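Some features that TrEMBL has for this protein:
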- 1-15: signal peptide (SIGNAL)
- 46-158: domain 'Ig-like' (DOMAIN)
- 165-260: domain 'Link' (DOMAIN)
- Cys211-Cys232: disulfide bond (DISULFID)
- 266-355: domain 'Link' (DOMAIN)
- Cys310-Cys331: disulfide bond (DISULFID)
Amino acid sequence: LPLLLKATLLRLASGSYHPFYNGFYYNHMMNDNDDGQDKVDYFNGAKLVVETSQDPVYSYNGANVTLPCHYRYEPDTGPKRKIRIKWSKLRDDYTKEQDVMVAIGKTYMAFGDFKGRAHLLQGSRHEASLVISDVRLKDDGKYRCEVIDGLEDESDVVDLRLQGIVFPYQPPRGQYRLNFHEAERVCQDQGAILANFNQLFQAWSEGLDWCNAGWLADGTVQYPIRLPRKPCGGVHLAPGIRSYGPRHRHLHRFDAFCFSSALKGEVFYLDRLPGMTLEEAKQSCQDAGAEIARVGQLYSAWKFLGLDRCNAGWLADGSVRYPIVTPRPNCGPAEPGVRSFGFPSKGRFGVFCYRER
């Protein structure tokens, strides 16, 4: 890009640059009736309006998604100058923004993790929709579409939600052993990320009931209860999400709630008599052109691909689990779910493998 244009885009992305137009400014004046309400005199006689989807946009890991955004003028006075478009990703509390992309005309610049994955869809007049390719787990969240025309600067927010599954996780060494940063790492090791509150709430509404407290992505510690009981906040509290609030990210230790989405590949089961050790299981997956599956991959295969197997198998973290879609005798409880045998130090089992398509 020309040096001047690059400088303009970078200043625009910082949020601190508000361009002037031919020296004209907005005039904030009182109404003639002096009723105390401000009105804005637009220098071009038209009001800029920006609109995005009021409903969440749903997608999944590895997909391509379009976040709709359109703008218009009231009244529409015909062709305008080249406008500037800026997309940002917001935190849930709107206190911080991550630059995604800025554009002037047909020239655009994407930032950070969105480089090579984000561009504008400008298929029609007054469209400023954002296309994100190869959606990733951490793309879940709120996005601001901002349109800047001279002194006019209007924006609206659209919510991108990934279809996925939340699962509780504790490491081999036992319950409540993870600080916040360790919880982030163990979720990543299992092909997942720390869940946010909206994801945990959705999982609770779908039936998740778990009495152990776990970290969420915002540094709070919470747990979902469907059936109130004494060890889980008491029998007199209504069902819901119990919260310990924000905890010290280094000193306090809990479990983790991880979030995983749909898979790009497949999970399959291997076995041989008389079963395998963990190291033998890893080698069997490699011999099959795959790798030993991670916990998040097994949960995703169970939820999205209907994986149902009443045979216990090793996973990459050293745990032994099996997924049940249709409960039946000798396959655990009467509800669907992923059953766990914990982290056995001895024993021979089958193995769940994962292979990219």
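A Cβ is built for glycine as well, from the same backbone N, Cα and C atoms used for every other residue.
Of all Cβ atoms in the shown protein chains, 14 besides its own fall within 10 Å of the Cβ of Cys211 (disulfide bond). Taking the domain 'Ig-like' (46-158) as a whole, pLDDT averages 90 in the prediction. Every protein chain shown contributes to the tally, and the Cβ of Cys310 (disulfide bond) ends up with 15 other Cβ atoms within 10 Å. Sorting the disulfide-bonded residues Cys232, Cys331 by the number of other Cβ atoms within 10 Å puts Cys232 first. DSSP places the residues of the domain 'Ig-like' (46-158) in helix, strand and coil in these numbers: 6 helix, 62 strand, 45 coil. Counting in whole angstrom, Cys310 (disulfide bond) lies 25 from Cys211 (disulfide bond) by their C-alpha atoms. In this structure, the C-alpha atom of Cys211 (disulfide bond) lies 23 angstrom from that of Cys331 (disulfide bond).
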